Amino acid sequence: MPKRVHSVSDRDETGSTSDPSASKRSRKGNEDHEINERCQELYDALRAYKSADGRTVCENFIRLPSKRANAEYYASIKQPIDLIRIQQKIRTDEYQTIEQFIDDIQLLINNAKTFYRRNSNEWRDANNLSKYLNSKLSDEQSNHKRPPKKNNEIDAEESIGKKRRPHQQSHDTLSNGATNIKAESNNNNNNLSIDPYYLEEFFTAIYNATIEQRAMVDIFLFLPSRKLYPDYYLVVTQPIDLKIVATKIDNNQYSSLDDMEADLLLMVSNAKKYNDPKSQIYKDASALKKMITTVKGELESALKTVKNDRLRTRKRDVLLSSEIAHLDYPEEPDDADIIQIKPNDDAAADSDTSSLGGEEDSFRLLYDAVKSYKLGAQSLIDPFMKLPKKRFHQDYYEEVKRPISMSSIKNHIKKGEYVYLADLVKDLKLMFNNAMQYNQENSLIYNSAKRLLDVTIQKARELGYDEDEPRLKEVRVNISAISVKDEQLESLTNHYSPTRHRSSPAEATNLHSPAAQRGRPPKILQKHTEQNIHTLYTFIREYQENDTDLITPFLELPSASEYPDYYESIKQPIDMTMIKDRMDKGQYKREQDIVDDLNRMLANAKSYNADESSIFKSASRLKHVLTNKFEVLMKKKKKFLEKYNSNRVINSTIPKKSFNSPSYKTLTSLIQTIKNHSDQHGRILSTVFLTLPAKLDYPDYYEIIQRPIDLKRIESRQYTSIQELSDDLQLMFDNACLYNEPGSTIYRDALSLQNVFLAQRRKYMKTQFNVQNLVHDLLWDLFIRTFNAEDSQGRFYTDSFTDLSEQVENEPFEIVYTFDLIKQNLRQRRYHRLDVFQDDLFRVFERARCLSNVDSQIYQDTVQLQRYYIRLRDEICDNGNVLRSAALLFTENRLQEELTRERLKKDVITNSNQNSITGNQSSNDEKKDSSMDNSLPTENSSLSKGETYYIGDFVYTEPNDDKSEPSIFCIESFERKDNEDHFTGLHFYRPQETYHVSGKKFLRQEVFLTQSVANIPMSKIQGLCHVLHIKDYFKYQPAIENQTNCSLNFQDVEKDIYVCESRYNIKTKGVKKIKWWNVPENKRVKLIPRETVLEPVREQLPLMNNHLPHRQSTSDNEVNSIECIDKVKETIPYDSVINDKLNENLPERKQFYEQIVISSSNCFYKIGDYVYYQENDQINNQLNKRSILRIEKIWQDNNSYIINGSAFIRSCDIPNRNQLIVTTKTSYVQEVVKCDNLNKEISVDNIKGKCSVLSLKQYRTYRLTEIPETDVYVCEAKYIRDDHSLRSMTKGLKVGRTYFLRLI
């Protein structure tokens, strides 16, 4: 940072000491610093306090718990606070008394005692911290004594006054001030309570302070110049420098080291308050503060020792403080030498090329000017970005009637709610007036608001704002800037221009046409324009001739040091990087805007370079191809706009949906229902979903979640249907469940909110009937309410399921059934039937019971949860009146029978195990003596190829094929099988062995722990490696301790050491973070610190990994996993009695079936099903027309199934309809008629799908759960061919054995 130039006028008048208010303010400032220092001392003591075992007691209170992981903390604690917040309040001087600081510490302690259970570690730490605080306060009250101030003591403010004089009077001011100070100091010489020697030593040490052999005195010697840094004296209310400190030493105004330290710390605080935290001055001030405290402590220690004149150094002839006190301030620079820098020059420069026109451009410029305004390095807008929290500032909302903030103003601009610039200025004025009304005069926020209000008015006037005329003046467009090729296009799009103007009488006649509408262009036009802009940029960026990129010289501007004349001749330099940046920021609103910048860049190159140069030729060629490309795009856009406008004219008679329409109110109501929903304890569940997590706190969130979204973004979007809103909300809930662990608070809240939304959506979508969606919502409701079921004490039953391993050796099923697996199946809509869903859910319960003891908590929770599910299922299905399903046959009595069988089976296994243990106990005792002779137990080590391996070793094993890399296993145990040594190990997958989305980044040397456990011969081991958890990998590296029987070591430390952060589930293909590193302990491997700590670098996999065989198979599995889950069907023949009856009067005996399964098409058909079939209709000369058949008989003939049944046709397919005798009404859209006495025999190969035919009564009340609504028909009549008539059916349709959903 450049060295500041200072002026003598920066000093206050030293001769004025008669103002009593100035003296009071000075003493008040010193008292505030004393309080601040005492708070800091107590804070440091609490932070350094340690328990008997050397543990820092306040470690749990440094930072508040995460809102996402511990939402219940914020539900029970109304005023959360942590030590970081207390430290911030100390640094910003918010504590006016020491009691306020103690109250905050006590609040922190009480919060911990309230939330954490008694005698927990956190509760004990809070209790110990409270006792330690009380002891420190009692010690301070007995020992802390401050020397009393004298009545005639002169502070810094009194010595230099408050008024300033012009530069030409500065020397007189100094001389007069010095006379006054010395005159008063004569009366104070007798009041000094400290030897001036120590003050001089204190000053000398600070004056000579250095950091890295760099003197710091240059920064703090003189105050900044008022002309160069006028904003410094607005930010800093008590300026002070080393010269003022030296003057007070010279005049004997310090009575103790504490007084001098207070002034030095004030000087440091001023520097930190004004300068940016990343600046060098801020860092130097922080270092100087530590030095001040250290030097003062040493001098106080010297004061306490017995005085010895021999230890004194020789008295100096001239004191350093006296020399500094008599120095003159540097002269002020002339006004002509001062360069005025406006805060928004860059924004103004960017706005020249911005394509926003009219008032919307003015809105953005004014908003950016106010937001980016700074005083020095300090931004003033920060307190105005958001409204104060009601929890801490309730009086603000009582005093301020219309609160508003910069964030709400920004939303108003985005939504286009400001018509004129005066509207925006009015809101900005309101915001700053609110701040000045609430805050005290001359406070920091008050002064900031006053300054920003002036900036607002000044910038608004530059943009055409007139306080007397609220309408913004018309913004004139430079017609010559529009190319001839784009002129016709402008005539088509001018009605979407953001510039507002008054319409002429001719235009008034077309107000109802689409071309006369005001406002921004529709999203489809904006998207089309953005695509064209990106197309133009990509075309120029990637254009090549003869395999040479012509754009290369234009990517960056030439170096100013190598080509200084370039910036003299080129007034508006621009390159491809600047164009790309403007495009990414959305500053180009038309294709012409980016073409103008590209043409300017090429024109600059042609203007600076010679005509024969390659750059000149490249620029000419690029300009030519750019013009051609632009013309092609404009022709396409013209056709697109003509087609779009014609469609709008056709649809102009259809009333548009406004914000007051029922659909908009419905969508808003749905969102508000989600936001305001609370649980039974009154906790709002949507709090963590309002905004996305910060990238700084959760960087891995944006690596795992590909499409992040929150409620704030959902609220800002405009949806045209409930389905669009449903998709975004479902995405938000899926993201929360994907990132968070099952069973966590956020995971459960996401499911609960999803269930609330599904229930609300059903109310608004009754007209859009879909039986599959209703069944799907019913299954979601069952799953979510079962997963979140609680006992009488408020504990979730599913919490105990977290103790189960993801996969064990004795798995009861081929697939590991978990709640997360069922949730994924529901999300992929793989369940179409309640009984299939129930079977999978019951397998989760059965697996938990098989892997646990009868008296365990998880076993009891499983039983209670399954009973809860059965009752809930019967309640939702209304015992079959709403949904009739085979799942309802499983009742609580049947559950009790199964539990009894399970317990008997477990008792048998337990008794057999006890007998085997008793029988083998004696043999195990005999083997103990022999095993003691070995250095290591045989079950803990094994030999392979002359090397010894131990439990906990990570090894490479032979791959399955030559192209793959060696597999990585962690040895868990050894055994001998088939006269060969084997080991059982945990399998670790490399990233290329897992399924993941394309573009996902992985850590270098990253592997994934899986639930796969394999038994492998020892002979397949190829070498030694090691896997470290991510917490240890970057700081430590493994090393094998020297052993007599071990010569094995890592061949390549960089390549053989891997990092593991997550666990990969092979079945669900999901990845979860590892909380506990539960791998076998290896005592011979020790972790040693790395010489240099590694940086976590994440990279994408090479493209070649996408062609691995495992990757291909995984992708295939994913495709198959989307298929519907159904029960295994079997071909069921009729029993002999029914089969004999069906064979009566038949010339040849046949085998009839009740149900058949076609394995080739994975379909099944049973008696009573309605199916589509294809036939050659010779009457209408239509081939392959689909007709409907009800299956009544099924038999097999020549290895093919034949189906016989009644035929149904549509009324429109009846021939000679004009001669038809109609005795019934046929007015239903989905109506078919039964062909009387017409049975069809078809091959099963001609069946093309299933459908449903219902009577009118059934059609009104029931639906089959597996048949789409488009395939449901109603039948009330029959067609009689004999008399060519259509008559009502005397008998109803036969109803087969099926399951249905009742319409309520």
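Each residue, glycine too, has its Cβ placed from N, Cα and C.
Model, not experiment: these values are computed from the prediction.
Copied over from TrEMBL, here are the features:
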- 1-36: region 'Disordered' (REGION)
- 53-123: domain 'Bromo' (DOMAIN)
- 136-187: region 'Disordered' (REGION)
- 171-185: compositional bias 'Polar residues' (COMPBIAS)
- 212-282: domain 'Bromo' (DOMAIN)
- 376-446: domain 'Bromo' (DOMAIN)
- 496-519: region 'Disordered' (REGION)
- 546-616: domain 'Bromo' (DOMAIN)
- 681-747: domain 'Bromo' (DOMAIN)
- 906-944: region 'Disordered' (REGION)
- 909-923: compositional bias 'Polar residues' (COMPBIAS)
- 932-944: compositional bias 'Polar residues' (COMPBIAS)
- 947-1075: domain 'BAH' (DOMAIN)
- 1163-1290: domain 'BAH' (DOMAIN)
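Mean per-residue pLDDT, taken over the domain 'Bromo' (212-282), amounts to 84.
For the domain 'BAH' (947-1075), the partner stretch with the most Cβ pairs below 8 Å, chosen from 53-123, 212-282, 681-747, 1163-1290, is 681-747. Within the domain 'BAH' (947-1075), the DSSP-based counts of helix, strand and coil residues read 14 helix, 73 strand, 42 coil. Between the domain 'Bromo' (681-747) and the domain 'Bromo' (212-282), fewer than three CB pairs separated by 6 or more residues in sequence fall under 8 Å, so the two stretches do not touch.
Per DSSP, the domain 'Bromo' (376-446) is made up of 39 helix, 2 strand, 30 coil.
Each residue of the domain 'Bromo' (546-616) gets a DSSP state, and the totals for helix, strand and coil are 37 helix, 2 strand, 32 coil.
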